[in-house]
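To start, the structure itself, in structure tokens.
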């Protein structure tokens with residue numbers, strides 16, 4: 001059965017608006033765990049716009065489930081990953097001017113570079129994932145890098161303006177899941193998924209994890225973190241394996 005991993009970046013976004021001490025993303029991570037999240041995601045961006053180094057360190061030290069560290073493929077971030085020892089490192093592209101991650105990592109043509117970058121991480125026993133588009137060339141390239149997981153970008157599906165466009169994007173993702181599984185990769189989905197559109201994947205098999213943050217944090221503002229996480233976890237519990 002697929003599981004829910006919760007991204008707490010936007011708890012930190014709210015805190016950083018006032019450069020204060022609350023809301024505390026570490027507390028949010030613990031509440032998400034108590035409510036049924038099977039893992040916590042933090043994206044430590046190079047510009048530190050939301051999650052800070054102390055957040056990563058404290059969550060890594062106190063979490064009872066798994067911590068996923070999203071990061072750009074830079075020497076600094078690799079050094080942090082090797083110090084923190086998260087369960088999984090997920091490489092994502094970054095642009096300074098973007099509000100959020102806008103697309104998948106380009107892997108095709110960079111297999112040797114990315115494999116070399118990840119080698120010390122793998123040697124430490126840390127698993128890796130690549131955040132990519134549901135594109136056959138990128139999925140095949142990801143296998144050659146040696147990552148155990150891919151996370152397929154669902155943002156274009158979530159942002160679709162029409163039902164036809166949404167259906168096309170969904171079908172592309174489903175084909176991507178099937179190809180990745182055929183190649184021996186574990187598959188996660190993430191970006192823009194919410195309490196409504198996630199049902200489009202209810203009967204899709206082969207998905208290991210759903211990575212969800214913004215919609216859960218948005219609901220948590222109104223209902224509380226535990227209730228928001230529990231509601232999403234209950235939805236995913238009905239999905240195909």
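Glycine too: its Cβ is placed from the backbone N, Cα and C atoms.
Matching 7, 203 to the 3-amino-2-oxopropyl phosphate binding residues that Swiss-Prot gives (18, 192, 213, 214) identifies 7.
Residue 45 (1-deoxy-D-xylulose 5-phosphate binding site) carries neither a helix nor a strand DSSP state and counts as coil. Among the recorded positions 18, 191, 192, 214, the ones whose Cα is located within 10 Å of the Cα of residue 9 (1-deoxy-D-xylulose 5-phosphate binding site) are 214. A 10 Å radius around the C-alpha of residue 43 (active site, proton acceptor) takes in these recorded positions out of 7, 50, 70, 191, in sequence order: 7, 50, 70. Considering only the residues assigned to 3-amino-2-oxopropyl phosphate binding, 7, 18, 192, 213, 214, the longest pairwise Cα distance works out to 25 Å.
Among the recorded positions listed (70, 151, 191, 213), 213 has its Cα nearest to the Cα of residue 10 (1-deoxy-D-xylulose 5-phosphate binding site). The recorded positions considered are 10, 18, 43, 214; of these, 18 has the fewest other C-beta atoms within 10 angstroms of its C-beta.
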